[in-house]
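Below: one structure, written as structure tokens.
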Amino acid sequence: MLRVLCGGGGRFFRPGLSLVPLRRPPRRGIPQQPSPAVPPAVGRWLLACSGAVAGAVVLGGVTRLTESGLSMVDWHLVKEMKPPRTQQEWEAEFQKYQQFPEFKILNHNMTLTEFKFIWYMEYSHRMWGRVVGLAYILPAAYFWRKGWLSRPMKGRVLALCGLVCFQGLLGWYMVKSGLEEKPDSYDIPRVSQYRLAAHLGSALVLYSASLWTGLSLLLPRHQLHETRQLLQLRHFAHGTTALIFLTALSGAFVAGLDAGLVYNSFPKMGERWIPDDLLAFSPTLRNIFENPTTVQFDHRILGIASVTAVTALYHFSRKISLPHRTRMAVTSLLAVAWVQVGLGISTLLLYVPTPLAATHQSGSLALLSVALWLMSELRRMPK
């Protein structure tokens, strides 16, 4: 049958029939395939970044344990990268430190040699933080330019780079709280435990997001049968990971208030299961965040709850057929949890020695890492 093309309308005419739209073929040059997968190099980069963040968290914990965090009283992004070199420069730096409460109240007998030690501790932490920032931003710009990042991955990378910059500003905001004069306070100068918890919390979020994304890119998903028990195990793992995160965050309040130096006994606190001064502050809510006794008590409860949840998770997982790698993650989580509890109790009983306390802080990151690994192993297959 003769077809007569009508001009310009994209339609054709059949005698005796109504006008029918003409389907346009797909445009040439535009791929109809899905966007390519993100290269493994991006996943390895994010795992390396998470390791750098872990190093910063550990170094920051050691800085807090050695009471070095208030030794640098200025914050300059570039200027402070050059440490004092001459005797005059060191004396000028020491004189600036002497103008602030920590020296006047706590370290008024400190020598220049002792000051150099705490100064270099804080300097190392700050410089490591700058290295972490560069480790995120420079490769991110390179991968972006190379076109290796999918649209969702671009959003994640931007969020991570923004968070690492925010983390640096939050660190200085925290330090400022320990440099302020407090005429009405008789306590030793220290940073605000609220700001310390915010600083640690944002670092843990940055670490967890980087590790999770890296694992998601590098570890292939398992073909798991979506049974009711598997769904329960997945929810159980998510809840346990959240509990581990909360327990690690509560450690910031313990460190900020030196709460590990009270009631150095276990399982009781002194002669009692529940100490008399648990709710000594008024209003009652203040005790949760400001009373060293309550802060230590809460950290104990959270730690016990975490190891109990991990143990229950392990026993529940034995009822389910899991791949070998997933089974390894569950077993590793159980082992690390009990080691972490042992480190915490030992740190308490030995009156918080710096090496052991730093190991305990590192153990919290290890425990969180294995929990995230397990969550990654239990991911659903995309539909």
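Yeah, the Cβs are placed from backbone N, Cα and C, and that goes for glycine too.
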**Message:** Need the matching range: TrEMBL marks transmembrane segment on one of 101-118, 299-316, and I'd like to know which.
**Reply:** 299-316
**Request:** Mark yes when the transmembrane segment (299-316) and the transmembrane segment (195-219) have three or more Cβ pairs under 8 Å (sequence separation 6 or more) and no when they do not.
**Result:** no
**Item:** Positions whose Cβ lies under 8 angstroms from the transmembrane segment (240-263), at least six residues beyond its ends
**Value:** 61, 64-65, 190-194, 196-197, 199-201, 204, 208, 269-270, 275, 289-290, 292-293, 295-296, 298-299, 302-303, 305-306, 309-310, 313, 347-348, 351-352, 357, 361, 364-365, 367-368, 371-372, 374-375
